[in-house]
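This report concerns only the one structure given below.
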Amino acid sequence: MNFLRGVMGGQSAGPQHTEAETIQKLCDRVASSTLLDDRRNAVRALKSLSKKYRLEVGIQAMEHLIHVLQTDRSDSEIIAYALDTLYNIISNDEEEEVEENSTRQSEDLGSQFTEIFIKQPENVTLLLSLLEEFDFHVRWPGVRLLTSLLKQLGPPVQQIILVSPMGVSKLMDLLADSREIIRNDGVLLLQALTRSNGAIQKIVAFENAFERLLDIITEEGNSDGGIVVEDCLILLQNLLKNNNSNQNFFKEGSYIQRMKAWFEVGDENPGWSAQKVTNLHLMLQLVRVLVSPTNPPGATSSCQKAMFQCGLLQQLCTILMATGIPADILTETINTVSEVIRGCQVNQDYFASVNAPSNPPRPAIVVLLMSMVNERQPFVLRCAVLYCFQCFLYKNEKGQGEIVATLLPSTIDATGNSVSAGQLLCGGLFSTDSLSNWCAAVALAHALQGNATQKEQLLRVQLATSIGNPPVSLLQQCTNILSQGSKIQTRVGLLMLLCTWLSNCPIAVTHFLHNSANVPFLTGQIAENLGEEEQLVQGLCALLLGISIYFNDNSLENYTKEKLKQLIEKRIGKENYIEKLGFISKHELYSRASQKPQPNFPSPEYMIFDHEFTKLVKELEGVITKAIYKSSEEDKKEEEVKKTLEQHDNIVTHYKNMIREQDLQLEELKQQVSTLKCQNEQLQTAVTQQASQIQQHKDQYNLLKVQLGKDNHHQGSHSDGAQVNGIQPEEISRLREEIEELRSHQVLLQSQLAEKDTVIENLRSSQVSGMSEQALATCSPRDAEQVAELKQELSALKSQLCSQSLEITRLQTENSELQQRAETLAKSVPVEGESELVTAAKTTDVEGRLSALLQETKELKNEIKALSEERTAIQKQLDSSNSTIAILQTEKDKLYLEVTDSKKEQDDLLVLLADQDQKILSLKSKLKDLGHPVEEEDESGDQEDDDDELDDGDRDQDI
């Protein structure tokens, strides 16, 4: 606090002692009073004094006010008074009408109090927590106070909010507040928060800020809205400008499409309010932020395409050609359209097709050029039209060809009813207005930029100077105007046009040198010692002469490279020439023009350099300097290298064209494949639908069939009793035949099983007898597992056969029972003479038994069917066992061969071991004879190892 008193010592005589004492007493009440009402009244009194006695209240009461915010959060009224008091202390808004000499002091005072407040970061965190309160009297003063802190000391407050947990998210909730004043002040708060802080900008953008802000703009009426729309647009600019991540997020979120509604300006609009002009101006600037030339090329291109696809470019062109548009809006619209079409072929083609609503219709380019060469139009508008024309021709060879074609004799309209772009450019080039000369020269230079074909085509242009005189070429007319000594702006424009025209075009250089007056004029301009105003012209003349040397193909004997360099050395001097050449890049307006493509000048006098021309100077200044100092031999070598490079470039171009054609073919084939895939998918879906329909029809058919069978069964139930004696014996006989077949098949299966058992036993015996103990030791566990599996399969087959035999026996018994029942039924048929009642009773009994027999017959049929299926399965298992036995036989043969080989190898090893032992014994005896001690333990150890190996082998044999 003493620091503030020292800094603001000039105000020490400020209030009377009674006021200072009052403030001190109020602070004491806030600090020491136990009653909430007393503290509340004291804070309210401090609030009323804080505007007039800002310094004293700030020095004495700030700590107490912060303490109130910490301890009295339950009382919204005292919190509101405390926040308002802090706002009055920190904010400079109330000092706007104060005299200028005290304004700076008040600003310093606000920043110093802000520094004291944020010295403890917990104070900002406390303020963020208060913003979560929904109470209007707490939330709104908190928003105002935090906004004031950000305005006073933005970066440190931003850093505190950034590291605070959910700090930015809490502030984003303000945009969803239903109370407009809080929402609107929340927008202002976010403006201050996002200024020059990329990290916070990203967080705010990913907190759905774009969606909320665009909704607010739509609710407020787009461009017809009030100052809230302006604030939202400024916040959107903060989020998007120089922030590639947010720009990509804005494009990917399809928010560009929502911008189209902003520019739907109807002709029925009675007038343009100042707020509407401001809003539309900011909207156009926001579009330019997305397509700025300083953005990454990929991001700019994608935004340009999105703007064309959603109709935003079309809407901007509608405003461009509309009537009654304010001049500043029209100028900004031209600049916006310029950057939307810059370098985008699709957008440039669309812009070329736009016509002005005139009779007859004229292309928009022609109408704009008419404004550019008209000296009565505003300077800013003419600059905007030039920028639009430059952007239309940027990387647009098609557009360049169309503009140059309007200058050629074959395309000029003989009737003179329509004015072409070429005629307007020529008219501006040779006008008496120096600004028109400069603009037309720069525009024509952009029609030639990087396009050697159009440079050659422009050499064909002939101009009729006066009646009776022969036509003069455009190139010659430009040099004639240069030699006449016109204004500096005109000469600079023509020299820039000639430098652009002659660079990278040896044919144009030859045409230029063919006029014998051009070289002496250039050398004379360079050699003279003129004032500072003419130094720029001298530098441009030096550049033009250097281009004539560097791109010279030596087709003219009098003006070869070597002769021109000798001429420079004689007339000018190499050092003097290089010094004059450096005048261009040292000019103060050169660096300004090289920064941005847009020709943005405060007045016509500053309109000297073009952005693209500065690039050309950077490219050629160094190579021209080297070319001046090169010898003829080095020039020859360089020409050979150039020819080789040209040949290489031609080959590369040829292959590029081939690759391009192949790419087109691939694209066509891919499209065909995609169409065929679509057709295939459609056919597959159709087939699936048809299959489902067929299945439905089948199900319906089966259902109808079952229903029909039930009906037939009910109809034939009355006649079944009469056919018992005829049908039942047939069924029984058929069952007997099936049982006999099952018996015979069972016998056959048992015989086959017996044969398989004998085969397996033979294999086992042969395997046991044929394999030695070593073979058994080397036999893989996999073979043993296969044998075990075969045994299990055989046992399973046997058990299945036993179960089948039991089933057959059961069926035989059931068959005999059926026969007995049939005989009893035959005996129980009624005899003549019995009473009708007895006959009816017996008939009923017979019908019941008959239905039971029929049911049992069906069950027998099902069982027989199951037995037949089991028989088939057993047959398959037998076949698989046969194949397994064959495989085992082959494996046994292989094992037998391996055992034989291993026996031979073991015999050989035994022989080798015996020889080795003999050698070892002889060596040991020799060592003993020589007197060396020999340990006998090794032999015993070896012998023990051998014994262990033999024991292990015996165990393996036992296994």
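Cβ coordinates are placed from backbone N, Cα and C, and glycine is handled just like the others.
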Just to confirm what the record says: which one of Ser102, Ser940 has phosphoserine annotated in Swiss-Prot? Ser940
Within the same chain, where does the repeat 'ARM 7' (311-354) have neighbours whose Cβ lies under 8 angstroms from its own Cβ atoms, ignoring anything closer than 6 residues to its ends? I mean 6 or more beyond. 256-257, 259-260, 263-265, 267, 269, 272, 277, 280-281, 284-285, 287-288, 291-293, 297, 300-301, 304-305, 363-365, 367-368, 378, 380-381, 384-385, 387-388, 390-392, 394-396, 398-399, 402, 597-598
What parts of the chain pack near the repeat 'ARM 3' (123-163), using Cβ distances under 8 Å and only residues at least 6 beyond its ends? 66, 69-70, 73, 76-77, 79-80, 83-84, 86-87, 90-93, 110-111, 114-115, 117, 170-171, 173-174, 177, 179, 181-182, 185-186, 188-189, 192-193, 195-197, 199-200, 203
Please give me the CB contact count at 10 A for Lys202 (N6-acetyllysine), counting all chains in the structure. 17
What Cα-Cα separation, expressed in whole Å, is found between Lys202 (N6-acetyllysine) and Ser50 (phosphoserine)? 37
Neighbour count, 10 Å Cβ-Cβ cut-off, for Ser50 (phosphoserine): what number do you get? 25
Any idea what DSSP makes of Lys202 (N6-acetyllysine), helix, strand or coil? helix
